[in-house]
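Chemist: Quick one: the structure is below, and I'll ask about it shortly.
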Amino acid sequence: MSGSYDECVGADDTMDSFWEVGNYKRAVKRVDDGHRLCNDLMGCLQERAKIEKAYGDQLTAWSKRWRQLIEKGPQYGSVERAWLAVMTEADKVSELHQDVKNNLMNEDVEKVKNWQKEAYHKQMIGGFKEAKEADEGFKKAQKPWAKKLKEMEAAKKTYHMACKEEKLAAAREANGKTEASVTPDQQKKLHEKVDKCKQDMLKAKEKYEKSLEELNKCTPQYMECMEQVFDQCQQHEVKRLTFLKEALLDIKRHLNLTENQSYGTIYRELERTILAANTQEDLKWFSNNHGPGMHMNWPAFEEYNPDQASAPPKKKKPDGAPPTPSTDHVAPPGDRSSVSSYEKNQAYSTEWSDDEQPASYSGNENGGNGGNGNSFEEDSSTPGKGVRVRALYDYDGQEQDELTFKAGDELTKTEDEDEQGWCRGRLDSGQEGLYPANYVEAI
């Protein structure tokens, strides 16, 4: 039984062999697979390009949003510049990822598409010329051997059937000798049947052996022809595999930002900007501009000066309108290197009392959100606060941060008068800005 089992295992191992009739189809199918794999690679790169673009767009949006928040926020000086440098890093890295996307689409995808077009030639009836040529070559190489194989299989079947008949006849003859009911004539006929079956079996065996011998004789030629066609398929496939390897190396080069000199430069510049932050200089600047280092006109005895009351106003005003206050609320040019734009847009009051507390930047300022609030976000409730006032005179704003209105117009005062005589307000159109406090009255 063990020998029989081994033969069955050996037969199973060869059933799927390349040399079996028709099994060359897998080699032909590889041509179609190669064309499809080119499409798959292009689809893969297109998806990656979308990811690169989306990441770059997200970096840009993130940088823009936080740059505005930082510029409006309370941070100042060289540390502010260092913080903003992180936004600059995001903008530059975003550009590099956009370049990756462009390289993938304009170079890598196009390269694969052009190679595919040159390597695979579609036929009008469908399929590819390369696959048809391979299929026809395999068929031609296999046809003579397949014919001999078919003849051998038929001879084998005939021989096996003859063996079966011979065994059945011998069994009947043996049974007839033991049965009394079988007459001598019947026994003679059974014996003759056995002899005839043996002769038929020997003839079938001879024919089977002869057909197998003929098949074996043409097998070397069959193998040689099949290998020649297969080598042609291999040559086409080696071109595809070689191209694919080169294409993947190009893709790797485009994806690997560490090989891009600009990428390293971005982080060297970021590091230099951060290291340049000078804590002591920032503290000194704040002290000089918002602390004890500020200049102060201490109260001193002044004689009455009638000329001072009649001094001409600094701004043009209609007849009967009071003088406009000082324009010192405008930040001096070139001061942005040290002053946050948040300070430009705030009217700081020098008055303080026990009832007034400095604004808190804790995480609970936005409705007690348990630390989820952003200290840089504007309070959404601010636009709803204020006192309605009516303009007594026409006023034409002289600076970008000043309002313009006509006598009789109503607006909302959002911040009280500062020490220089300016109020902050909002027109009904939504525009916000500064205006002279003595140009309006409460409604």
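Using the three backbone atoms N, Cα and C, a Cβ is placed for every residue, glycine included.
Quick paste from TrEMBL:
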- 187-218: coiled coil (COILED)
- 337-351: compositional bias 'Polar residues' (COMPBIAS)
- 12-282: domain 'F-BAR' (DOMAIN)
- 384-443: domain 'SH3' (DOMAIN)
- 297-387: region 'Disordered' (REGION)
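Could you give the neighbours, burial and distances for every feature on this list?
Modeler: Within the same chain, residues 144-145, 148-149, 151-152, 154-156, 158-159, 161-163, 165-166, 168-170, 172-173, 176-177 sit at least 6 positions outside the coiled coil (187-218) and bring their C-beta atoms closer than 8 Å to a C-beta of that stretch.
The domain 'F-BAR' (12-282) scores a mean pLDDT of 93 in the predicted structure.
Helix first, then strand, then coil: DSSP counts for the domain 'SH3' (384-443) stand at 4 helix, 28 strand, 28 coil.
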